[in-house]
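Right, one structure below, let's go through it.
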Amino acid sequence: MEGNFLPILFILDGSRSIGAFPDHPEVEGGGSTVMVMCGIIGVMDRSRRTMDGSGIRQALSMMNERGSGEGAGYAAYGIYPDYRDCYALHVFFDNVRENKPLLESTLAQWGTVEHDEAIPTYGQPNLRAVHTPWRYFFKPDASLAPPGSATPEDDIVSALVMQVNAARRGALIFSSGKDLGVFKAGGWPEDVADFYRIEDYEGYIWLAHNRYPTNTPGWWGGAHPFNLLGWSVVHNGEITSYGTNRRYIESLGYTCTMYTDTEVVAYLVDLLVRRHGLDVDIAVRALAPPFWEEIDRMPAAEREWNSALRLAYASAMMNGPFAIVAANRDMMVGFTDRTKLRPMIVGECGDRLYISSEEAAIRAMEPRVESIRMPAAGEPVIGRVVA
Amino acid sequence: MIGSLPSRYRISIDPVRCMECGRCIENCSYGVFSRDGDRIQVNSRNCTACHRCIACCPRDAIGIEEHPCDYRSHPLWTREARESIYNQARTGKIILAGMGNALDYPVIFDRLVLDACQVTNPSLDPLREPIELVTHLGKRPARLDLLRREGGDVELKTRLTPNLRIETPVMIGHMSYGAISLNAQVAMARAAKETGTYMGTGEGGLHAALHPYQDRMIVQVASGRFGVNIDYLERGAAVEIKIGQGAKPGIGGHLPGEKVCAEISRTRMIPEGSDAISPAPHHDIYSIEDLAQLVRGLKEATEWKKPVFVKIAAVHNVAAIAAGIARSPADAVVIDGFRGGTGAAPTVFRDHVGIPIEAAVASVDKKLRDQGIRNEISVIASGGIRGSADVAKAIALGADAVYIGTAALAAMGCRVCGNCYRGLCPWGIATQRPDLVARLNPNEASEQVANLIRAWTLELAELLGAAGINSIESLRGNRDRLRGYMLDESLMEVLDVRGVGA
């Protein structure tokens, strides 16, 4: 529904109204402030025309300087048209023989598996396969949701993901949306892409991440993208408010299990957008709100709701340096921390919107890119599909 | 017979340095010094180590030594244990004391260390980048109902209850007119106004001299209901119900009759010279639902325009009690730890009842989160906050803001001698004797208190910046930015912090 009345290219944050593409891109927050490197890129085709994974593989490898060969991943939307009504659960098994029956008995309690199979993988010399990736196309039994639930199926799948991942019984559900999938592993982007042969998948939104882990190297679950239901997130940075954010989100029924800060972003977006029904630009504003000094200068009505947003979501606010690209089936959103301590570049070409850490990555994918700009600190970039 | 006990302090005057100016004689309200011809006579036994003489001596001629003559040392039969016995054997009474807990319990704050950024994220520089310390206290909705109009304007449908906004998460706690002098209250109220924070009235009413600062005062309703009427409630920026205080959980306030002068009798609405002993409980609060009724009653009386706080002492079951308070319309719960100061408390309570604020705040924050209601109420920590590091640690453990008491008094000169209950405070703080009160210049003292709050605010901004955090709410409950150093495992579990190196 969000897509059909929005022919606008970008819904930009109103209060900081900046024209679509200024002639002189702001240089604030450019590459010079980068401290830790992670490379992120997202691409969306507004008319849902699909792209195979070879382009994003190429783009991500342009940012190998931002990674360390210990983790990379891709998320693609629109890749499972045959099962578009099923939740595609991507699972890492430590040991298929031992862990799979246990997971399947849990799935059977909550719904029906329409189809399942090993995710095809192709051995790479530089990638040690520590897990077996599997996928289930799952239909939850809506009647099992708690009464009064506005999104019964989502609630079941979300609770299922939390339960399975917290139990740590050799099965980790790392992707749980409809008609989308996350493909990730420990290794260089090209190796991970070749391991899954992502060029065999056709998606209209792709997110990708090249990891330079400092926290949990080698752990496949710690690679990006992070996904819950429809939302996937890639992130460059370190969330200094993680302790506050995690305790907040866990008090509301989520469980953090991935040993890394980005996970919390996916849950916060799910909470604010799906469960609390905030528009995505307002949700982003809750996560990276204006300073009080700016709020105090706003006209009364605007000041009122902006203050309320900061008060109500004080613990959801994210601090520390970050650039984040998040997507669901209808949109892609990029935003940075309030002082922009991580780079974020936006490119556009025809129906395609690109958001990345580096211009080079965008140009690798789209040599004829029509415009390139750097949004200001905290200014979200939101692109929505029109079809 | 018990006979004389060893003197606690020994005063010495260096005869070479002393010029017999007599300032020590004038300044000592405890009668240590007297003139004997052309020399100054000393009676060390009267000394409280308030340091007023040292502060006033122009020649640095005075020395004070503690415990010049000790008892036979014994780990169990300490000096304090023996002297309490001698004292009670003589009098058969409860022993009173001032200030906070004086037993040698480990200080948890001093076993917690803060974090800073290196490489993987940049530390922020408050001189060059904004660091927000603005804090709001009050109830919050769990979620917001925002309506997007055509054209993109956003309208807030959820009605928020009024919050208090403080420019720094440090407030001045409740010290009543009676316990302290009017000059001391005026000085602190002025400092609160200047630094954009709030100050508590204590349970002694609101003297007319404080009316100019009333929009920065939180008026207290305690079990004695001293000074409470509708005018009082309406003047305050917020109302605080005091159930208990950290220095003496389970009992009410004590104001010795000696301190109840004419002005205090008027402000408190009690007879002059009478002891003001507040009842242990509020006699209209015998249960949590009674408390909720009083909260509602005060809200009704003030037309739901003012936040209502509830202050409790940190006792064993503090978390569950706080969760009960969070379910009432109360806007904030104040937790007063067992190190909290007081003008007068039975020593046995001051030293033995209650739990440390660090553990209390951590368990309250956790209980409220477990019940999914943490964001709906503010938590204010008090009791033994000595510096900006304690403030940062209390917030990281889950508090929204802190109250300071002793620190603000110390900023006005108090040396923490602990004799507040005697009404002879030579600094003009914990006394009502006009000549002593006149020693405290409210202009000067307010500047000192304001300086203290400003200094802590600057330090907090630096600490936040170093931790890569540019807004105080991202520190709140962020236990990941603390590490325990030499804390035992069970306490680290309560505090929900990892050990250093982990």
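First residue shown is number 1, and so on along the chain.
Just so it is clear, glycine is given a Cβ too, placed from its N, Cα and C backbone atoms.
For B:Cys18, B:Cys21, B:Cys24, B:Cys57, the entry in TrEMBL reads [4Fe-4S] cluster 1 binding site. The [4Fe-4S] cluster 2 binding site feature in TrEMBL is assigned to B:Cys28, B:Cys47, B:Cys50, B:Cys53. Residues annotated as domain '4Fe-4S ferredoxin-type' in TrEMBL: B:9-38, B:39-67.
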Counting across all protein chains, other CB atoms within 10 angstroms of the CB of B:Cys24 ([4Fe-4S] cluster 1 binding site) number 23
Sequence-ordered, the binding-site residues among B:Cys18, B:Cys21, B:Cys24 whose CA is within 10 A of the CA of B:Cys53 ([4Fe-4S] cluster 2 binding site) come to B:Cys24
One of the binding-site residues B:Cys28, B:Cys47, B:Cys50 has its Cα closest to the Cα of B:Cys57 ([4Fe-4S] cluster 1 binding site), namely B:Cys28
Rounded to a whole number of Å, the separation of the Cα atoms of B:Cys47 ([4Fe-4S] cluster 2 binding site) and B:Cys21 ([4Fe-4S] cluster 1 binding site) comes to 19
B:Cys21 ([4Fe-4S] cluster 1 binding site), Cβ-centred 10 Å count of other Cβ atoms over all protein chains shown, is 14
The correct three-state DSSP answer for B:Cys24 ([4Fe-4S] cluster 1 binding site) is helix
For the binding-site residues B:Cys28, B:Cys57, the largest set of other C-beta atoms within 10 Å encircles the C-beta of B:Cys28
One finds that other Cβ atoms within 10 Å of the Cβ of B:Cys53 ([4Fe-4S] cluster 2 binding site) number exactly 24
Across every protein chain in view, the count of C-beta atoms other than its own within 10 A of the C-beta of B:Cys18 ([4Fe-4S] cluster 1 binding site) is 17
Cα-Cα, B:Cys50 ([4Fe-4S] cluster 2 binding site) versus B:Cys18 ([4Fe-4S] cluster 1 binding site), nearest Å, comes out at 20
Across the domain '4Fe-4S ferredoxin-type' (B:39-67) the predicted model averages a pLDDT of 96
Cα-Cα, B:Cys28 ([4Fe-4S] cluster 2 binding site) versus B:Cys21 ([4Fe-4S] cluster 1 binding site), nearest Å, comes out at 14
Same-chain neighbours of the [4Fe-4S] cluster 2 site, Cβ within 8 Å of the mean position of the Cβ atoms of B:Cys28, B:Cys47, B:Cys50, B:Cys53 and not counting those residues, run in sequence order as B:Ile11, B:Cys24, B:Asn27, B:Ser29, B:Tyr30, B:Val32, B:Phe33, B:Asn46, B:Thr48, B:Ala49, B:His51, B:Arg52, B:Ile54, B:Ile64, B:Pro426
Those same-chain residues, other than B:Cys18, B:Cys21, B:Cys24, B:Cys57, found with Cβ within 8 Å of the centroid of the [4Fe-4S] cluster 1-site Cβ atoms are B:Ile13, B:Met19, B:Glu20, B:Gly22, B:Arg23, B:Ile40, B:Cys53, B:Cys56, B:Pro58, B:Arg59, B:Ala61, B:Ile62
B:Cys53 ([4Fe-4S] cluster 2 binding site) falls, by three-state DSSP, under helix
DSSP, reduced to three states, assigns B:Cys47 ([4Fe-4S] cluster 2 binding site) to coil
